[in-house]
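The following features are taken from Swiss-Prot:
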| type | residues | note |
| --- | --- | --- |
| BINDING | His122, His126, Asp299 | Fe cation binding site |
| BINDING | Asn143, Ala144, Ser145, Gly146, Ala147, Asp175, Gly188, Glu192, Asn271 | L-threonylcarbamoyladenylate binding site |
| BINDING | Val355, Gln356, Gly357, Ala358, Glu359, Ala360, Thr361, Val362, Lys371 | ATP binding site |
| COMPBIAS | 390-404 | compositional bias 'Basic and acidic residues' |
| DOMAIN | 349-548 | domain 'Protein kinase' |
| REGION | 1-338 | region 'Kae1' |
| REGION | 390-413 | region 'Disordered' |
Amino acid sequence: MRILGIEGTAWAASASVFETPDPARVTDDDHVFIETDAYAPDSGGIHPREAAEHMGEAIPTVVETAIEHTHGRAGRDGDDSAPIDAVAFARGPGLGPCLRIVATAARAVAQRFDVPLVGVNHMVAHLEVGRHRSGFDSPVCLNASGANAHILGYRNGRYRVLGETMDTGVGNAIDKFTRHIGWSHPGGPKVEQHARDGEYHELPYVVKGMDFSFSGIMSAAKQAVDDGVPVENVCRGMEETIFAMLTEVSERALSLTGADELVLGGGVGQNARLQRMLGEMCEQREAEFYAPENRFLRDNAGMIAMLGAKMYAAGDTIAIEDSRIDSNFRPDEVAVTWRGPEESVDSYRMGGDEVQGAEATVHFDGDRVIKVRVPRSYRHPTLDERLRTERTRQEARLTSEARRNGVPTPLVRDVDPQESRIVFQRVGDTDLREGLSEGRVADVGRWLARIHDAGFVHGDPTTRNVRVGGRDEQADRTTLIDFGLGYYTQEAEDHAMDLHVLAQSLAGTADDPETLLSAAEDAYRTESDHADAVFASLDDIEGRGRYQ
């Protein structure tokens, strides 16, 4: 099989030829050729008009170069009249003017050789190239690119967004900082270079469940430079903060799903510090990590051709009249036809006396639970100590506060912030994700309403952080645990964020997430004194994810 791939979502005009006897796996006979002509603005960031002009000039050239590459290679059954089996192109997400040029070129080549057309989601291609080349079965994927940052996991025929940026993409955030200090695009490599000579400078650390935000970090970083902090120190602080956030949410996704494989995608993934952090985190929790080589991390047509081959083999092609582009094409909108419905990132099984959570080790000792936030070697020591100490104190405080407000939580028996250690009463038989039901999820909605009315949030109300079960009449009892990301707030938006995190965790772990979420929301409305304001904020939050 030989597939021509065409990429041009923003800055990289790229074409590729992917040859393989089996698109489902890596073979010794695989061959990938990539030709790329990257747009580089004279100053500032990417300008859509200039980028489109570049695509108009460069796409025909890189496509012809890729087609010429097929000449001299083995034809199909001795017939060289059509040197490719299909044309795959990036339908989105991306800049509309650039995408239209790519789509036009793809249609022209498909008609020229009378071969099928395959429309590929750019972000899913970032994921699939890592899954393909790693040989992993069903990994969690961190996509860290210019306009995007999200955590994906496969379940029930689609890639589910387990977490994502709530404002700007990670690469764009870094570029905004570098433009502020007069550095040219792209800014990421320059930040990486200067960070090597810098000392850690503290910046805001924003993780909410498995979502994250970068705008506050960038504002603080720009202000720090303006205030005279050495730029090398600010760059070091940016790397240590942003990449620790991405690594933490990746670990939270592994913990939520029980997966033991992680792949990295996206151009920001070329950063060596980020790769080391992710590798250390996975090693610490005995998971496998894979980062493709750089030519497959940055925007490239090779990943488009590889995913195109999988889709073509599954019969997932489109007619030319249906091949319109979608500049807001979210990865969770893609019907994943090339994977079996029985596959899932969901492999979690509870068992044993010790459990590795997202940021702590939990040991069961009779009627006690001993939770220790062990040091995370991937984080800068100063940042790591601050987070572990703050979260230990906050968890103990809010667990007791929730209990005083009528929410079932375990008794706190001992706290040692210096050792990041808490001893709790043991509650429940298993996690909610192992015993999902409408009634139990409705209880979670009810408990969240009570703590919100009391003036604080849970911070991470996933199906891993609710214990269920008990003896006799308490068999359906639900108990909230792990308030480490919680904080005091009266803001409706902060309360809505709890509901958003719950919704994401249900999407990643439940077979019928919509029904379960409705049960939680109905119970919340009944219990809360401020439901209207909270749900208005929730609508706003859900419109902020990339390409909503």
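From the backbone N, Cα and C atoms, a Cβ is placed for every residue, glycine too.
Sequence features, as recorded in Swiss-Prot, placed on the structure.
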| residue | record | CB count, 10 Å |
| --- | --- | --- |
| His122 | Fe cation binding site | 27 |
| His126 | Fe cation binding site | 32 |
| Asn143 | L-threonylcarbamoyladenylate binding site | 29 |
| Ser145 | L-threonylcarbamoyladenylate binding site | 24 |
| Ala147 | L-threonylcarbamoyladenylate binding site | 22 |
| Gly188 | L-threonylcarbamoyladenylate binding site | 21 |
| Asn271 | L-threonylcarbamoyladenylate binding site | 24 |
| Gly357 | ATP binding site | 18 |
| Glu359 | ATP binding site | 22 |
| Thr361 | ATP binding site | 14 |
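In the three-state DSSP scheme, His122 (Fe cation binding site) is classed as helix. Cβ environment of Lys371 (ATP binding site): Gly357, Ala360, Thr361, Val362, His363, Arg421, Ile422, Val423, Phe424 lie under 8 Å away, each six or more residues apart in the same chain. Taking the domain 'Protein kinase' (349-548) as a whole, pLDDT averages 92 in the prediction. Sitting within 8 Å of the Cβ centre of His122, His126, Asp299, and not among those site residues for Fe cation, are the Cβ atoms of Glu7, Thr9, Ala90, Met123, Ala125, Ser145, Gly265, Gly266, Asn300, Met303, Ile304. Ranked by Cα separation from Asp299 (Fe cation binding site), the binding-site residues Asn143, Ser145, Ala147, Asn271, Glu359 are led by Ser145. Note on Val355 (ATP binding site): other Cβ atoms within 10 Å of its Cβ, all shown chains, come to 17. With DSSP classes pooled into helix, strand and coil, the tally for the region 'Disordered' (390-413) is 15 helix, 2 strand, 7 coil. Neighbour count (other Cβ atoms within 10 Å of the Cβ, all protein chains): 25 for Asp299 (Fe cation binding site).
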